[in-house]
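Taken verbatim from Swiss-Prot:
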- CYS43, CYS48, CYS54, SER282: [4Fe-4S] cluster 1 binding site (BINDING)
- CYS69, CYS73, CYS76: [4Fe-4S] cluster 2 binding site (BINDING)
- 55-271: domain 'Radical SAM core' (DOMAIN)
Amino acid sequence: MVTSPSGTGTRRMPPWLHKRLPASGDIEATRRLLADLHLNTVCQSARCPNQGECFASRTATFMILGNTCTRNCRFCAVEHGQPEAIDEDEPRRVAEAARRLGLKHVVVTSVTRDDLPDGGAGHFAATITALRQALPGAYIEVLTPDFRGSRAALAAVARARPDIFNHNVETVPRLYPDVRPQADYRRSLDVLKQMKELDATIYTKSGLMVGVGESREEVLAVMADLRAVNCDILTIGQYLRPSPRHLEIKEYVPPETFTWYAQKGREMGFLYVAAGPYVRSSYHAAEFSVKIAGVK
């Protein structure tokens, strides 16, 4: 265990977190494509540490519904405030970008839009539909906000039939007031539960970040809660602080602990578990579709 000094969260990263940036012309080509189509990605907006690696392999996680979130989670680098109006042409442009990139597994996420009556569910559905038309053989994964628990909003997404529905619980319930003050742990579990009730053929997925003060026992309890609502896929990664104004890092979790979490997850019955320091919700997301769903 490597812990950060109390009150700083700035201890030097351990060796297992040192990462060499890839050298590839595809990084700039991917950035230009996204800029030309006026698209946001969570890779850029959330300052993801895997951005260079993903762009080098010509993949990206599209972020729809603007670049401004109505919530202010303490771990997240996405800007918060008053969001802009919905861009009705965005689904078409997302599909065009995915087609040009030649994606076989497309991941779409969004900011939280509590200002919209449906939370943006209709825009998710429109994006899924556009992707189906542009890339009939692609696997489509959506990572959504909680839509304030609205079953009608979730039903709109379910009717569009994504292959994977992802909603992250992010952390253990004890830490929600500090980490996700505007969210609710039980509501997030219920979102995953409702999606399975609406369409049992849609794979459900959730993710946790560790290193924010949780215990191993608390992580296992969350994993058990996720299995209780029939969650199929789990990701666990190290929280890395985007800036000094964000949530402090309490611990750098060693690789062997991630291996242990992955083994426990498989024992609990998850179809697929990705756990590691740099694992994020959509990092190497296509591995599930290849290994479990048979998409080549």
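From the backbone N, Cα and C atoms, a Cβ is placed for every residue, glycine too.
The structure displayed is predicted, hence computed values, not measured ones.
Separating the Cα atoms of SER282 ([4Fe-4S] cluster 1 binding site) and CYS69 ([4Fe-4S] cluster 2 binding site) is a whole-number distance of 19 Å.
The secondary structure of SER282 ([4Fe-4S] cluster 1 binding site), as reduced to three states from DSSP, is coil rather than helix or strand. The average pLDDT computed for the domain 'Radical SAM core' (55-271) is 92. When secondary structure is read from DSSP and collapsed to three states, CYS69 ([4Fe-4S] cluster 2 binding site) falls in the strand class.
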